[in-house]
Each structure stands twice: as structure tokens, then as C-alpha cells.
Amino acid sequence: MHERTRAEWRATRQRAAVLRALHLHDTFVSAQSLHAALAADGVTVGLTTVYRTLRLLAASGHVDVVRDSAGERLYRPRPDDGHRHYAVCRECGLSLAVDSDEVERWVARIARDIGFHAVDHTVELTGLCERCRPPMSRPAAGPPARRRTSSAG
Ligand SMILES: [Zn+2]
Ligand SMILES: [Zn+2]
């Protein structure tokens, strides 16, 4: 191991702090919320640093990123068993892990076809969850017997 510069060491420490704060949240969290959580915890890290650190963590595959309705990026630590894709509700922020086998297969095939290695990808699904879907866009009143029941959650 080569000697670390002061800046590198500080960056490593900040990255660890950001990751730790991320793990304390059980859902997607914005850089600003994370920054506030760190500050409340007595960790002095600039917001810019938090943003930069999160970008690096995302690029290195340590966190997953989605965007909320305002376009703000939200972050969550990636599970150990590989990355996940999420469907995020633009209204309430509900995020559900979705089955992405087809996406993974597609990425593998494309990477093979074009001869790329270490291909990473980001797939974001955003929409309105069942609870937030406006009544207008529900199917017109049909026979009551056809009412779908779902017990997600
Ligand atoms: Zn919702
Ligand atoms: Zn994927």
C-alpha cells in the first residue's frame, strides 16, 4: 500500500461517515437529509462533499440512486447480494425493489455484443403507487366482483 496523502485520508473518512449515515436510513434519502443527519451526529462534512461522496459511491456501485419528482437524487446503500432496481412513487416516495432479471440479461447481451467490459447501468422507474394514483385514472367502474385486491406491504 502506498502512503496516503492527508486529502485522501480525509476523503476516506468522510466517505465512511457518509456510508454509515446512509445505512442508518432504511429508505432512499437525499444528500441534504444525509448532510443534516451527519451534522446532527457531530460530523462536520460540507454539503458539496456529501454530494461528491454520494456520486463516487454510486459510481463505484456502493449505493443505488433514484430521482424524485423534483429531479433530486435519492440514495440508498446497495444490498450485499448485488444491485437492485426500484420503482419509486413520485408522490409519496415509496420505493419497491423490482424484478430486473430481464434488464440484467439485456445488459449482459449488449455488453457482449459491443465488446464492453465492466459495464454498469442505472435503471429508474418512477410513477404513482397504488395509493397515490388519482381516482380519475382508475379503470371505469366495472362489475364490483372484478375488484382487484392487493395486500402489498
Ligand atoms: Zn405513493
Ligand atoms: Zn441492474
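Each position is counted from 1, following the chain as shown.
Any Cβ shown, glycine's included, is placed from N, Cα and C.
Keep in mind it's a predicted model, so treat the numbers as computed, not measured.
What TrEMBL says about this protein:
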{"type": "BINDING", "residues": "CYS89, CYS92, CYS129, CYS132", "note": "Zn(2+) binding site"}
{"type": "BINDING", "residues": "GLU104, HIS121", "note": "Fe cation binding site"}
{"type": "COMPBIAS", "residues": "134-144", "note": "compositional bias 'Low complexity'"}
{"type": "REGION", "residues": "134-153", "note": "region 'Disordered'"}
For GLU104 (Fe cation binding site), the number of other Cβ atoms found within 10 Å of its own Cβ: 15
Cα separation, CYS92 (Zn(2+) binding site) to HIS121 (Fe cation binding site) (Å, whole number): 25
Using Cα positions only, nearest of the binding-site residues to GLU104 (Fe cation binding site) (CYS92, CYS129, CYS132): CYS129
CB contacts for CYS129 (Zn(2+) binding site) [other CB atoms within 10 A, all chains]: 17
Neighbours of CYS89, CYS92, CYS129, CYS132 excl. site residues, C-beta within 8 Å of centre, Zn(2+): ARG90, GLU91, GLY93, LEU94, LEU128, GLU130, ARG131, ARG133
Three-state secondary structure, which DSSP defines for GLU104 (Fe cation binding site): helix
For CYS89 (Zn(2+) binding site), the three-state class that DSSP assigns: strand
Neighbourhood of ligand 2 - binding-site residues from CYS92, GLU104, CYS132 with Cβ under 6 Å: GLU104
